[in-house]
Amino acid sequence: MKIDGTPYRSIWVDDADRWSVRIIDQTKLPWAIEIPRLTTPEQIAHAISAMLVRGAPLIGATAAYGVALAMRADPSDEALETVVPMLAATRPTAINLRWALMRMQRALSAHPPAERADAAYAEAAAICDEDVATNRAIGEHGLGLIRARAQGRRRVNILTHCNAGWIATVDWGTALAPIYMAHDAGIDVHVLVDETRPRNQGFSLTAWELGKHGVPHTVIVDNAGGHFMQRGEVDMVIVGTDRVTRAGDVANKIGTYLKALAARDNGVPFYVALPSSTIDWTIADGLGSIPIEERAPAEVTTITGRALDGSMLTVRIVPKDSTAANPAFDVTPARLVSGLITERGICAANERALAAMFPDQALQTAA
């Protein structure tokens with residue numbers, strides 16, 4: 001996608017040296033665009049855990065390049081066996097992280113150490129290219145849903161939660177890809193953007209993305225979604241996800257479950273957009289089996305923004321003697337999901353439908 005007319009991916013190998021890794025620091029958006037240069041797997045791990053990069057597909061791609069940097073420094077078996085668990089420990093909920101690392105480990109184990117650095121960069125690049133193609137396909141399938149809702153309507157109002165746009169993937173995004181394509185196709189779409197406390201990915205990332213693309217949007221507070229649904233001002237909900245079980249349960253940013261409940265109560269279709277790499281075929285019960293990341297209380301008790309004089313300011317918004325809990329994700333049961341938008345099409349959120357859509361993956365896991 002483009003920033004002020006310049007095309008970007010969210011991660012790439014530096015053109016100057018052809019080995020270091022460049023990312024867009026998402027903690028600085030929307031106020032500044034900073035592109036740090038990462039040269040070690042430790043820097044990659046920090047970028048993931050501190051959320052300089054976030055979004056399930058992107059952290060998988062970033063971790064893949066972390067392995068490549070490690071193999072450039074030391075291609076031994078010991079180094080490979082050390083870097084994979086180190087990177088895997090950075091974020092526990094998103095399955096794409098583990099998927100990408102396991103793919104890298106399998107690919108590199110087939111090469112002698114002397115070939116591993118080149119092979120690692122090639123595999124990481126392939127993961128990135130495949131992500132772009134996958135998200136484009138997700139967008140095309142989701143576009144059909146939006147086009148169908150647009151029949152006989154002046155405008156299609158879509159609510160989204162958190163950020164599942166191009167900055168959360170290598171390009172295009174998952175939940176936002178159909179919206180971009182609908183806008184580009186001339187469909188009158190308008191997006192209600194949840195602020196998404198406590199890290200505010202809605203108003204700091206999704207609103208920024210949509211604005212750069214020219215998509216009409218309105219930022220709303222997290223608790224307003226149900227109100228707009230009751231008033232008939234939401235035609236559909238599209239969100240992303242960090243992990244989907246084989247039975248269709250969905251782990252996504254905290255607050256997603258409440259949106260799904262409100263959508264069900266008001267007859268609003270609730271869709272989840274995802275690449276197949278986000279499906280965890282090893283578990284069925286999302287609530288009982290998906291690990292939920294607990295992040296620092298400071299993300300809840302403080303907030304950062306731009307002061308009127310242009311300076312950046314972090315302030316405490318919670319009384320100093322109050323504690324804060326900060327689960328980063330919740331689980332939406334499959335029964336509340338109208339459909340899963342994948343790169344192969346749209347399917348119901350249940351084990352039979354997922355296995356029919358991805359028989360190769362389901363059989364491979366069963367074996």
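Keep in mind that glycine also has a Cβ here, set from the backbone N, Cα and C atoms.
Non-local neighbourhood of Asp242 (active site, proton donor): Ala56, Thr93, Ala94, Ile95, Asn96, Ala251, Asn252, Lys253, Thr278, Phe329, each in the same chain, at least six residues away, with C-beta under 8 Å from its C-beta. Residues or ranges marked as active site, proton donor in Swiss-Prot: Asp242.
Summarising the annotation, Swiss-Prot assigns substrate binding site to Arg54, Gly55, Ala56, Arg91, Gln201, Asn252, Lys253 and lists sequence analysis as the type of evidence. Secondary structure from DSSP puts Gln201 (substrate binding site) in a helix.
Sequence-distant neighbours of Cys162 (site 'Transition state stabilizer') (same chain, six or more apart, CB under 8 Å from its CB) are Asp194, Thr196, Gln201, Gly202, Thr206, Val239, Gly240, Asn252, Lys253, Gly255, Thr256, listed in sequence order. Look at Swiss-Prot and you will find Cys162 tagged as site 'Transition state stabilizer', backed by sequence analysis.
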Item checked: Largest inter-residue Cα distance among Arg54, Gly55, Ala56, Arg91, Gln201, Asn252, Lys253 [record-listed substrate binders, Å] -> 17
Next item on the list: Quick one: give me the count of other CB atoms within 10 A of the CB of Gly55 (substrate binding site).
Entry: 29
Next item on the list: Within 10 Å of each Cβ, count the other Cβ atoms, then let me know which of the binding-site residues Arg54, Arg91, Lys253 comes out lowest.
Entry: Arg91
Notebook entry, point to check: Other than its own, how many Cβ atoms are within 10 Å of the Cβ belonging to Gln201 (substrate binding site)?
Noted result: 28
Margin query: An 8 Å radius from the center of the Arg54, Gly55, Ala56, Arg91, Gln201, Asn252, Lys253 Cβ atoms defines the neighbourhood of the substrate site; name the other residues of that chain inside it, in order.
Written below: Ile59, Ala94, Cys162, Asn163, Ala164, Ala168, Gly240, Asp242, Ala328, Phe329
